[in-house]
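Participant: Okay, handing you the structure first.
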Amino acid sequence: MSLKQIVGHKLLNDVIRPLKKGDGRSAWNVLIVDTLAMRMLSSCCKMHNIMEEGITIVEDLNKRREPLPTLEAIYLIAPTAESIDKLIQDYCARNLYKCAHVFFTEACSDQLFSTLSKSAAARFIKTLKEINIAFTPYESQVFNLDSPDTFFLYYNAQKQGGLTSNLERIAEQIATVCATLGEYPSLRYRADFERNVELGHLVEQKLDAYKADDPSMGEGADKARSQLIIIDRGYDAITPLLHELTLQAMCYDLLGIENDVYKYETGGSDENLEKEVLLDENDDLWVEMRHKHIAVVSQEVTKNLKKFSESKGNKGTMDSKSIKDLSMLIKRMPQHKKELNKFSTHISLAEECMKQYQQGVDKLCKVEQDLSTGIDAEGERVRDAMKLMVPLLIDPAVRCEDRLRLILLYILSKNGITDENLNKLLQHANISMADKETITNAAYLGLNIVTDTGRKKTWTPTKKERPHEQVYQSSRWVPVIKDIIEDAIDERLDTKHFPFLAGRQVNQGYRAPASARYGQWHKERGQQSNYRSGPRLIIYIIGGVTFSEMRACYEVTAARKPWEVVIGSDRIITPDKFLTNLRDLNKPRDI
C-alpha cells in the first residue's frame, strides 16, 4: 500500500468505520476537523466514501457551527491548546452534539490531557485515542507537514524564539510518518549544517516513544535496513532555482497552479468555458505523464487519445485541429466525456508549457544548465559564464524573478562572489537594492554568497555518470538528492557528512519498555498487515521539497526494488516560492 492508501485506510478503519451504527436517522455522525486534518482527509478520502460510513457533514473546528444535539461528533484534531479549548467550548453552555469521539492526530501532552480530563466536556467524551497521522500524504511517496514557518525559524538565527516549539512539533510529525509506515528506521542527518543534529535527536526521542507503545514497529523483512535522513535546504540550492522541463515541475513553475488546481479555457469556437481541474493521483493520465519530459508529453497524450478513440469505435482520422479542440469528439462520444476531458486537460497543459518554453524559457534553460553543471551541451567546460548570462540579464522581456534565479545560479557556480561584483550584476540586470536581499539572504542556508575573504568548501556527493538514462540537452542537471538516495541504498553515502545518530545505525531486536502513560493507545494489534515488506528510505528536507526531488524518489524506487523512497518537507516549493522565502527570511514575521 502507498502512503496515501495507508492513511486513507487508517482514517476509515480506525476513526470513522468503528463508530458507524447501522441504518436509520440515528446512524449519522458529524465529523469535526482542523486545518491539517481537513487536508489529510481531502488527500486520501472521497466525500462519498465518508458518507457511506455514516458521516452526514464535515465541519471546520475553527468556524462557527450550528448545534446538532441529537448527533454524535467525531473530532479529528491536533492536540493543541487552541483545539482542545474549542472542543471544551462545544460542551460548555449548551452541548453542540450528543457526545464526542476524540481522535488526536498525534501524541497529546500531559498538560493538555489533564486540562481536557478536568473540563466539563470530559463526561461527554466517549472515545479518546491518538492515531499518529500528523501530516498530509501529498502523493503516494510524498508527505507534507504544512509548516510554512519552519523555513524562517530554522534558517534565521534572530528568530529562534519560536524555534524550539516548532522543532518539537515537526519532530513529532516526522515520527508519525514513520509510525504510519510501520518503520523504526536508522537515523542520519547532514552534518554540514549544525542544527540538523538537534532535530535528529528530537525525532529519535519521538520515535523511541512510539516504539515503546508498539514494539512491533519496524519489524519485518529487511526493515532493519530502513533509514530516515534529515537534510537542510542548503544541501542543494540549485534544484529549486532551475526551470525544470518535466511536466509536473514545469506546470507548477510556469502556469500559476495554486492548491493543485489547474484552470484553463475549453470549448468550441462559439463558446469558451473556464474549467478547473485538480491535478492529483486520481487522474491516471497525470500519474503516467507527470515525470516525463515535455518533449514527449504532447506526442504521448495525442497517441493515447487516438488509441482510446479508436478502441471505442471512432475510426475517423484525427487531425491536429481536432486534437487541439476536443469538443467535436466529445459530441460524437458523449458517453466517454469524462475520459475525453482528461485528454483535453493534458493537451492544454502540454500546449501551455510549450508556448512558455518557446517564448523565452528555452534560452533560460540553456544558460541555467550550463551554469549548474559547469559543462555546455557539447560536453565542454564553461569558461565564460558571464558572457552567457548578460544577454538575458539585460533583456527587459525576462522576468525579474528569472534574472534573480540566474544570478543566484551564477553565484553558486562560483561558490560565492565579491560584493562589488554582485552590485555590478544587479546593475546590469536592473534589479533594485531591495531585491538584493533575496540573494544575500541565501547565506543563511550556509551557502557562500558574498565572499570578500576566504570561502568554505561545500561537500556534495560525486556526480554519477548515467549512461542508461535518457538525457535532454536542456535537462542535464540531476538533483543532488538522487545521488544521496542511491548512495544510501548502496551503503556508500559518506558517513562523515551524513553520520548516523549514535546507537541508531542498526536496529537489531530493539525492545522498548511499555508506555506507562498511554498503554496501547497508539495502535491496535494486527495492524502491521497493511505494511509492505522491504526497506524504506525516508527523506525529510527542512525548508521545502521541489517537484524535481519528488520525481527523483519515484525514479530510484522504480530502479531499485525492493526499496521504496518516501520524501517530504514542511512544504512543497516552486522556484518562485523559494525566492519569496529567501526574500522574507530577514523580515519581521509574526509566528
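Our numbering is plain: 1 for the first residue shown, then up by one each step along the chain.
Cβ coordinates are placed from backbone N, Cα and C, and glycine is handled just like the others.
These came from Swiss-Prot, pasted as-is:
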MOD_RES   S2  phosphoserine
MOD_RES   S322  phosphoserine
MOD_RES   T462  phosphothreonine
MOD_RES   S515  phosphoserine
Participant: Based on DSSP, name the secondary structure state of S2 (phosphoserine): helix, strand or coil.
Facilitator: coil
Participant: Neighbour count first, Cβ atoms within 10 Å, every protein chain included; then name which of S2, T462 tops the list of modified residues.
Facilitator: S2
Participant: Could you tell me the C-alpha distance between T462 (phosphothreonine) and S2 (phosphoserine) in angstrom, no decimals?
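Facilitator: Cα to Cα, T462 (phosphothreonine) and S2 (phosphoserine) are separated by 31 Å.
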